[in-house]
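Trainee: Below: one structure in structure tokens.
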């Protein structure tokens, strides 16, 4: 069996206990239903600091590393595996490791709304990240050894690694960005506060889009968005009428591909 096939089989096997392990993660669906996220499904960003994520990640790393160590004894298999890890391949693995966060950002730019990528792929992020980490360690071990023996540097390894890492942790970067911008709501005492329930968010890319849409509404001084609570908190500019701001906020969310309810 080819090395990549072996590692993929271990990924599938290590994911099986998730159905019986008590976690905060929502179990994945069997099929992707695009353009909508049902309200009866609890929302989670499936981020590296979420409860249960690190445990699954490290167990998966151990499993994948064991397979990689076994396969590394076959030099031909190692070289065959590395030859298949093109920049495009690393990019694809990075997309899977981020639950296709980049694709959702593209859809958000077109105001399509949530496609549900994170609802389906999010629960598998620890496994994909572990798979990517082990492959990265494996490839760089071979690359460093090749340089020690006088082989020229392989630029594709560097480019592929940077692409994979950047895409893999895009959800975390977006989450920190949204939290930083939303912090202005909590730190400021100026103006009234308006609470909205936001309908249709499914990932951190959605929260970023919602925050941008609400922050652009006249009369909104700052906006904080909470994915799990499915809510947005607006700090209002005192020079605007609260009723007008509320109406404009609802319209802005609708135009961005999301719905809203007044709390």
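In case you wondered, yes, glycine gets a Cβ from its N, Cα and C as well.
TrEMBL lists these features:
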SIGNAL    1-20  signal peptide
TRANSMEM  56-73  transmembrane segment
TRANSMEM  85-107  transmembrane segment
TRANSMEM  127-144  transmembrane segment
TRANSMEM  156-179  transmembrane segment
DOMAIN    192-261  domain 'HMA'
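I would like each feature placed in context: is it buried or exposed, what are its neighbours, and how far apart are things?
Mentor: Long-range contacts of the transmembrane segment (85-107) within its own chain (CB-CB distance under 8 A, at least 6 residues past either end) are made by residues 46, 113-115, 117-118, 120-122, 124-125, 128-129, 131-132, 135, 139, 156, 159-161, 163-171, 174, 202-206, 208-209, 257.
For the transmembrane segment (156-179), the list of distant contacts is 45-49, 85-87, 89-91, 93-95, 97-99, 101-102, 105, 118, 128-129, 132, 136, 139-140, 143, 203-205, 207-208, 211, 225: same-chain residues at least six beyond its ends, Cβ to Cβ under 8 Å.
Counting residues per DSSP class in helix, strand and coil order gives 27 helix, 23 strand, 20 coil for the domain 'HMA' (192-261).
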